[in-house]
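Dumping what TrEMBL says about this protein:
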REGION    1-89  region 'Domain I, interacts with DnaA modulators'
REGION    126-342  region 'Domain III, AAA+ region'
DOMAIN    159-287  domain 'AAA+ ATPase'
BINDING   Gly170, Gly172, Lys173, Thr174  ATP binding site
REGION    343-462  region 'Domain IV, binds dsDNA'
DOMAIN    370-439  domain 'Chromosomal replication initiator DnaA C-terminal'
Amino acid sequence: MKASGLDSQLNAKWARVRGRLRSEYGEQAYRSWLKPLTLVGHDNGAFKIAVPTRFIRDWVMQHYSDRLRQLLAGEVNEFRAVEIVVDSAKAPADAEASQPAYLQAAPAAVAELPSPGPGADDVSAPLDPRFTFENFVVGKSNELAYAAARRVAESKTVPFNPLFLYGGVGLGKTHLMHAIAWHIKKAQPERRVIYLSAEKFMYQFIRALRHKNTMAFKEQFRSVDVLMIDDVQFISGKDSTQEEFFHTFNALVDQNRQVVISADKSPSDLEGLEERMRSRLGWGLVADIHPTTYELRLGILQNKGEQLGAEIPPKVLEFLAHKILSNVRELEGALNRIVAHATLVGRPVTLETTQEVLHDLLRANDRRVTIEEIQRKVAEHFNIKISEMQSARRARAVARPRQVAMYLAKQLTSRSLPEIGRKFGGRDHTTVMHAVRKVEELRSTDSSFSEDVDLLRRMLEA
Ligand code: ADP
Ligand code: MG
């Protein structure tokens, strides 16, 4: 069946799906990968889509097929499957013009994402089209990291070197790095940007050692304008790669090239890294991403819900923001699951179905930490007796730790303010509210206090 032979209703549905893909993944990704998709057949909910090359097919399958499936399932009730076939003859009429430039020039040599700058493709990892600044929701916990990343992406010079981003898993480090790369590719395409994980960096280096072409390796890295290395905690230990990383790093910084690094810990806490390396990493701007707040979680859910194009009651979003505290990745996973479920069974999302669909995840998040554990850890940390958590004493040496414990109880558990108050010697919910505000206020003015609280939080979440 040819596209023109498909009924007009189906064509309209297909056009809607394409429109969504375009707005979700952006113009660049759309033109390279999604525009070449042609709907060539539809039979009782089974879609057949043609693409002009195998390479595009593989790429689409790997990166876009889940979303494509979701969107098609949202359009037809009887949705069953999507099949992607390679058929150069069935490419769209304007295929020539719409082909990415690299396909027109050298159809046989396609191997990586289309990106400017000779050689950059060899080492740079593919960028996720969703990880842009536009898709990044900013809140208190990540505003410094966000502002710093934007600054690096937007300046023509090097504002601080290196930019060191750190924070726990799933809090948006990789997202921000990709966003920097996307932005520079668009605004200053002449600058060469390399983004890769520290693991891949090590792998490439070891391979170069084995093939005795470390010169080429060095050249590759030392001629970039912006080098971004993700998750450098993986570099620690491996001596020769650490050495090479250090040299590369120094060479780039000396030539005033931008370096962006991410890790799960601050430079000074990176174990297994040489002291000179640790101190050098902290010379530029060190921006940490704190665990999410309720407001940020809610903002991310609203944003993501809109992107998914699903009707999700605000109550459900609030519920998820309260319950899923671990990280953004898990939060997104939860939302995807309830939307997929609703699409499949053809019923709207409700609080009940959400609890049902996510019961395992919710339990895991609930089990994460109890108020008793929080009280114990906080008391240990501040070196006070655990009984002080319930006592009526108001001396600051015990009142402050008690407030921290209340604050953490609010952040890390799903208990209500009155419930928390009861666990702290039968205090009123307004006392808990006051404690939460007080701790927030102190955190914004006293960075060492803030670090203490984060440390406690990480220990409790571990
Ligand atoms: P990390 O690299 O810190 O482990 P990622 O950058 O991979 O975390 O983020 C995990 C997921 O959460 C990604 O899908 C990312 O898009 C999303 N995410 C994290 N923070 C935000 C945010 N502030 N706004 C929108 N999405 C976010
Ligand atoms: Mg990451």
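Keep in mind that glycine also has a Cβ here, set from the backbone N, Cα and C atoms.
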Tally the residues of the domain 'Chromosomal replication initiator DnaA C-terminal' (370-439) by DSSP class, grouping H, G and I as helix, E and B as strand, and everything else as coil.
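Grouping H, G, I as helix and E, B as strand yields 51 helix, 0 strand, 19 coil.
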Return one of helix, strand or coil for Gly172 (ATP binding site), based on DSSP.
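DSSP call for Gly172 (ATP binding site): coil, neither helix nor strand.
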Provide the number of Cβ atoms within 10 Å of the Cβ of Gly172 (ATP binding site), excluding the reference atom itself.
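27, counting other Cβ atoms within 10 Å of Gly172 (ATP binding site).
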For the region 'Domain I, interacts with DnaA modulators' (1-89), DSSP counts of helix, strand and coil?
53 helix, 18 strand, 18 coil
Which binding-site residues of Gly170, Gly172, Lys173, Thr174 contact ligand 2 in the sense of C-beta under 6 Å?
Lys173, Thr174
Sequence gap of 6 or more, Cβ distance under 8 Å: name the residues on the same chain that satisfy this around Gly170 (ATP binding site), in order along the sequence.
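When sequence neighbours closer than 6 are ignored, Gly170 (ATP binding site) has Ser326, Asn327, Val328, Arg329, Glu330 within Cβ distance under 8 Å.
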With DSSP as the yardstick, break the domain 'AAA+ ATPase' (159-287) down into helix, strand and coil residue counts.
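Helix (H, G, I), strand (E, B), coil: 67 helix, 24 strand, 38 coil.
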For the domain 'AAA+ ATPase' (159-287), report the average pLDDT of the model, please.
90
If you take the centroid of the Cβ atoms of Gly170, Gly172, Lys173, Thr174, the listed ATP site, which other residues of that chain have their Cβ within 8 Å of it?
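So the additional residues around the site are Gly167, Val169, Leu171, His175, Leu176, Ser262, Ile289, Val328, Arg329.
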As a test of the contact definition, list every same-chain residue at least 6 positions from Thr174 (ATP binding site) whose Cβ is closer than 8 Å to its Cβ.
Asp128, Phe131, Asp230, Ser262
What's the number of neighbouring CB atoms sitting within 10 A of the CB on Lys173 (ATP binding site)?
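There are 26 of them.
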